[in-house]
Amino acid sequence: MGEFIMDNLVILAIESSCDETAAAIIRNGSEIISNVVASQIESHKRFGGVVPEIASRHHVEQITVVIEEALAKANMKPADLDAVAVTEGPGLVGALLIGINAAKAFAFANNLPILGVHHIAGHIYANALVQPMEFPLLALVVSGGHTELVYMKEHGSFEVIGETRDDAAGEAYDKVARVLGLPYPGGPRIDQLAHEGEEAVVFPRVWLEEDSYDFSFSGLKSAVINYKHNMDQRGEEISPTAVAKGFQESVVEVLTAKTLRAARQYNVKQVIAAGGVAANKGLRTSLEVTFADEGIPFYVPPLKLCTDNAAMIGAAAAPMFEAGKRGNLTMNGRPGMELKSWVE
Amino acid sequence: MIWLGIETANAPLSVAVVKDGKVVAEVIQNIKLTHSAGAMPAIENILANAGIKTNELDAIAVSEGPGSYTGVRIGVTLAKTLAWTLQKPLVGVSSLKALAANAALYDGLICPIFDARRNNVYTAVYNGAGFDVVVADYHDHIDGLLNRLKAFESPILFIGADVDIFWDKIIEVLGDYALRAPFSDDLPRASEVIRLASMRDLPSVEAIHHFIPQYKRIAEAEANWLKEQKEKAHE
């Protein structure tokens, strides 16, 4: 991993910031020994979204099971570990607390150091599990809760150069899916419909100020709602595929264009996409084509490393551990935690 | 036999170490420190003060609720993870029963109360003499509870730091039947959690994964969803 020489650093990582209870064992921040995710999607479906209290209840039921499974699949004992890493924030506070308290109890009982990891740093470092990260690097983080452009000049250095001013991209996907009457989670369904569509309803692109790397998706979401409303009033049927295609084109065009402009300005050696929406086929294809033309290496992790998982937390924790970062048993959940560099 | 006891079901915190039927160390506090930050260090400190290493523990007792959802889950998560990784049995005890046990020598009805917000309570009624359950742990509006208690036509000892929130109402409905436990009995003790746990057969360590909090109340979103389904069925 670049300038870090890791000699068999084995980390147990735990993630419970939203609706997945996950544990993984990672060697040297780059090798997945085991990666276990207990998803709650089925349980939240009937509510049309993640219910925090229900998520917390599931986490407490699953937490020791997933940790045990991660150890069993890795054929390891606590004595084989060097540290415990856990998502400290951001996320749902009640959900975060289950992973954090389990991590603290496990670390204490087994006399291991503990590290609190930022969830977005985790998403970015999911890429380190696929190929070495090359700096300077630009990461486009897109998920249900985040839309950010992050510039990294080296390991542990994060500069958020752009972020959403209202809805996260994934949030807009879920809301538009609801307008179209698609079941939760709607993002993957819209992606699918967009590919089935021949024609697209044209929706606006929101660019904000000329030099801004920020995003805004609430206007686009409203445009879709207004379109449906107008069509309903006229008694006309909408084409879900055309709406999905038009919506997706707008999101993808803006994300791609801003990522490209930032990659040029910051002269990066690598561009990576991360987060649940990075699994979106339309976005992936657009970024792949764009950066192939530009001649900048572009990577996106496989689907199971894009959605929430603990392997990415272990990947981010490894360079933190090497940099001497340590948490302690007073660690608390930080629902609004900011992405901060751990190097000067 | 060395026990670690954990009680974080409501605002107060208590942790205790009991060795061969004697309290070695106990912390009881009701300060504005969240359990998420404070509970684990409290366990670390009490074990250090008692000179007990984690691998010397024989069993763990935890207050399993009802109470603050988050508070209950923090205690249960810590207890579950410790018990599982140490491979030691985990015993859950009702938070209400543990609180009522502070007045175990009282010969009469004991009513522990935890505030559940919006004039709701988690409560139960125990008979002090044999410590039998008269009304099992449940969630109720304070008015519902008091109507129920009125029917006993007997003195009732109220216990818990949250009783004061409802005391005027209690007096109004029960009059002279309402007795107030001394303030020194109002905070739950982890040593009582251990004492009640030690009366039970120890469960297998395989049972730890299946251990869940006793919320005594379904999540609000679930309650609303069930109501909607019922309404749909009526249409």
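Placed from the backbone N, Cα and C atoms, the Cβ positions cover glycine too.
Annotation source TrEMBL lists Fe cation binding site at A:His119, A:His123, A:Asp308. Sequence-distant neighbours of A:His123 (Fe cation binding site): residues of the same chain at least 6 apart with a C-beta under 8 Å from its C-beta are A:Val141, A:Ser143, A:His146, A:Ala274, A:Gly275, A:Cys306, A:Met312. Secondary structure from DSSP puts A:His123 (Fe cation binding site) in a helix.
Summarising the annotation, TrEMBL assigns substrate binding site to A:Val141, A:Val142, A:Ser143, A:Gly144, A:Gly145, A:Asp174, A:Gly187, A:Asp191, A:Asn280. For A:Val141 (substrate binding site), other Cβ atoms within 10 Å of its Cβ number 27. DSSP gives A:Val141 (substrate binding site) a strand state.
Feature annotation from TrEMBL assigns domain 'Gcp-like' to A:31-314.
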Listed in sequence order, residues not in A:His119, A:His123, A:Asp308 with Cβ within 8 Å of the centre of the Fe cation site Cβ atoms: A:Glu15, A:Ser17, A:Thr87, A:Ile120, A:Gly122, A:Ser143, A:Gly275, A:Asn309, A:Met312, A:Ile313
Fewest-neighbour residue among binding-site residues, criterion Cβ within 10 Å, set A:Ser143, A:Asn280: A:Ser143
Residue pair A:Asn280 (substrate binding site), A:Asp308 (Fe cation binding site) - Cα distance, angstrom, rounded: 15
Cα separation, A:Gly145 (substrate binding site) to A:His119 (Fe cation binding site) (Å, whole number): 11
Cα-Cα distance linking A:Gly145 (substrate binding site) and A:Asp308 (Fe cation binding site), given in Å to the nearest integer: 11
